[in-house]
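Annotated in TrEMBL:
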DOMAIN    A:29-197  domain 'CobW/HypB/UreG nucleotide-binding'
BINDING   A:GLY33, A:PRO34, A:VAL35, A:GLY36, A:SER37, A:GLY38, A:LYS39, A:THR40  GTP binding site
Amino acid sequence: MHLDHAQHGPAAVSADAARPDGTRRALRIGLGGPVGSGKTATVAALCRTLRDQLSIAVVTNDIYTREDAAFLLRHAVLPPERIQAVETGACPHTAIRDDISANLEAVEDLEDTVGPLDLILVESGGDNLTATFSKGLVDAQIFVIDVAGGDDIPRKGGPGVTTSDLLVINKTDLAPYVGSDLDRMAQDAAQQRGPLPVAFTSLTSEEGVGPVADWVRGQLAAWTA
Amino acid sequence: MSRAALLVLADGRFPAGGHAHSGGAEPAVKEGRIRNAEDLAEFCRGRLHTTGLTAAALAAAAAHGHDPLALDEAADARTPSPALRTVARKLGRQLMRAARATWPSPELAALARARPRGAHQPVVLGLTARAAGLGPEDAAHCVAYETVSGPATAVVRLLSLDPFEATAVLARLAPELDRIAEQATAAAHGTIDALPAACAPLLDITAEAHAAWPVRLFAS
């Protein structure tokens, strides 16, 4: 018997909807997207908007630092015990798609230590347009791009843009300065995504994350129904 | 034994978390001890004959049927660095998840219950091999190969080393991998106390320092 062996039940083998004790686990939502598009800012704004109504925790996957976790801690969007950083060995897409074991440990540890939780946000490290989350890790995923990264990104498509459950096009306040055409981005996104939703956001104001928060509430309502 | 099951278990894409670890290569690169393929070969050879042999023997012993909890304690005793003990248990827990999904067995379930925060990775690997119908020598080969393939893959990312050269390093080590696996398998037939306890003090020291780096690519 070692001191570091907490004696609670063994971890679930797969991403079952129920925890080992039979209770429903938290809804897990992944956030991916290119470097600098505003994933961490979106997570922070979601936490501030939803933390009074929901029990939330966050898992970050940084590329080579713990910057994202540190950002969330610095801005005190959640108590430190509700934020866990996963290290990815320079391959963020591997940790969220091909080998999800470290992320699954992190979400289960959070449920064990600070649960019961309603919602766990799993933020990917900034990656390219092909990064998507495994269905074994998250129940739904948000792909965050921004208007300053080029207004042709929705047209270019790729798995994140075309298949994510919600596409967020962030930094709309910058559109006039970088010459991005929001109407064109909306049309291209609709063309690539069919009926899947798109949210335009600007996080310079506190209500800016509203459309994303509403979508999360909808997902949670379906999860707990 | 099933040769194909061995390939599944030994595959670098087996989803058990190894991709995030460099096996001590990241600090060795930073300190200038690994600069090219020759250095990588020397690093891998050193790791193979020290911690590699120790880990391979623990895995072979678990596959042979020794008590996994006693082996877990033996692994603790053979891992002086607290940072590396934490890593070994974390990877053991990740492997346990993958193993129970791929080759469910009562022995794996019992170890998961007894060590919910993770047993040492080589012990879990040996038990996984057993569940997959593999023998002690297969488990030893798996662990010996992981001992060198982890750093080789990491160095490709850390130094932008030519991946063909890195793979050639592994290929040239193959006869030594076979010998280490053979030694580990022979030891597994003896008592737990007599299992190899070779270690690499520099790897232990640099692992402790690395665990405190604020910026790093690999978890260990």
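For all residues, glycine too, the Cβ spot is worked out from N, Cα and C.
With the fewest other Cβ atoms inside 10 Å of its Cβ, the least crowded of the binding-site residues A:GLY36, A:GLY38 in this structure is A:GLY36. In the three-state DSSP classification, A:THR40 (GTP binding site) falls within a helix. Taken as a whole, the domain 'CobW/HypB/UreG nucleotide-binding' (A:29-197) shows an average pLDDT of 92 in this prediction.
Listed in sequence order, the residues of the same chain lying 6 or more apart from A:PRO34 (GTP binding site) and placing their CB within less than 8 Å of its CB are A:GLY126, A:ASP127, A:ASN128, A:LEU129, A:ILE145, A:GLY149. A:GLY33 (GTP binding site) falls outside any helix or strand according to DSSP and counts as coil. Least crowded of the binding-site residues (A:VAL35, A:SER37, A:LYS39, A:THR40), judged by neighbouring Cβ atoms within 10 Å of its own Cβ: A:VAL35. What surrounds the GTP site, by Cβ distance within 8 Å of the Cβ centroid and not counting A:GLY33, A:PRO34, A:VAL35, A:GLY36, A:SER37, A:GLY38, A:LYS39, A:THR40, is the set A:GLY126, A:VAL144, A:ILE145, A:ASP146, A:ASN170 from the same chain.
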